[in-house]
């Protein structure tokens, strides 16, 4: 029989049921405190536009502020404007509902055990996200030009083989459309270049319209008025106008395989030679800081003094297959490139779109080098989709 002392010890050694062990209480997330709109606008204006799609998921009020004119006015006053990339994909010819995407930062889902996973070399953490399709939809095969935060679209096909003279402006701050005065002629896939506050629109006509007095239409952005520029000694059998660019004070225009150059200061047209048109005509192209670039089987830039194309060496870019679709764009003084990876199997229903940003360096007047800052897969789409537009705006 146990002694009373042992019993007491047993009793005293038992835990008091009324005294419970404190449990670790995980902190309950608190709602975002209500801040004045003007303070939120000031905060958002200092954040990169790449994060806006993520911030817009927080609440309706955030979404409203992120699309407000006041936010972008504040960004401009603070000197926080930046380039923003857009990509348009189409399916079919014409496609009544093309898909529009913009580049943004991925939500950070790389946390594991409280630590970030190491990102792969050359990765940026970016991806393409869809933006609402504007209503009414944009015409297929329209020409385009970016001016500040706006993208101007000229002409295109309303339906198969029916050209349009419609001009539409996409406001990339709010992703809304507004109409502008129509072209004086119906055009499909015209070339457009921005020069000193005006947009020069050329091409997109053929047949009986090819020798019209309106081969080039000029739109004054400030007054919203159209004018035109005739091309002297243009012969109809030269071919169609298909490319344009403004470089070194001259407006270059391809007519078939010929290239004409218009000197704005002297108001004079000259032949620019055949060499310029050979690579330019069959490739995607863009102008970056007064230099014309193109990509066909290699990256090239045009030397206006020697009037010839030179190959640009690019360091760090994966080798592109010959059958890939490629688009290049001016991305704040750098080159952005989109390309699609060919499907390894004919049975594949999707393909991957990749993006790279290339920093450009000109060590002397005879060379330009490219160095890839990052490249990665940014979107997966059905194989039936093709590139239509790739460009950047300033927001």
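Each Cβ is built from the backbone N, Cα and C atoms, and glycine gets one as well.
As written in Swiss-Prot, here are the features:
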REGION    1-29  region 'Disordered'
COMPBIAS  1-25  compositional bias 'Basic residues'
DOMAIN    29-75  domain 'F-box'
REPEAT    150-197  repeat 'Kelch 1'
REPEAT    198-246  repeat 'Kelch 2'
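The average pLDDT computed over the repeat 'Kelch 1' (150-197) stands at 90. DSSP states for the repeat 'Kelch 1' (150-197), grouped as helix (H, G, I), strand (E, B) and coil, give 0 helix, 27 strand, 21 coil.
Per-class residue totals from DSSP over the domain 'F-box' (29-75), listed helix then strand then coil: 29 helix, 0 strand, 18 coil.
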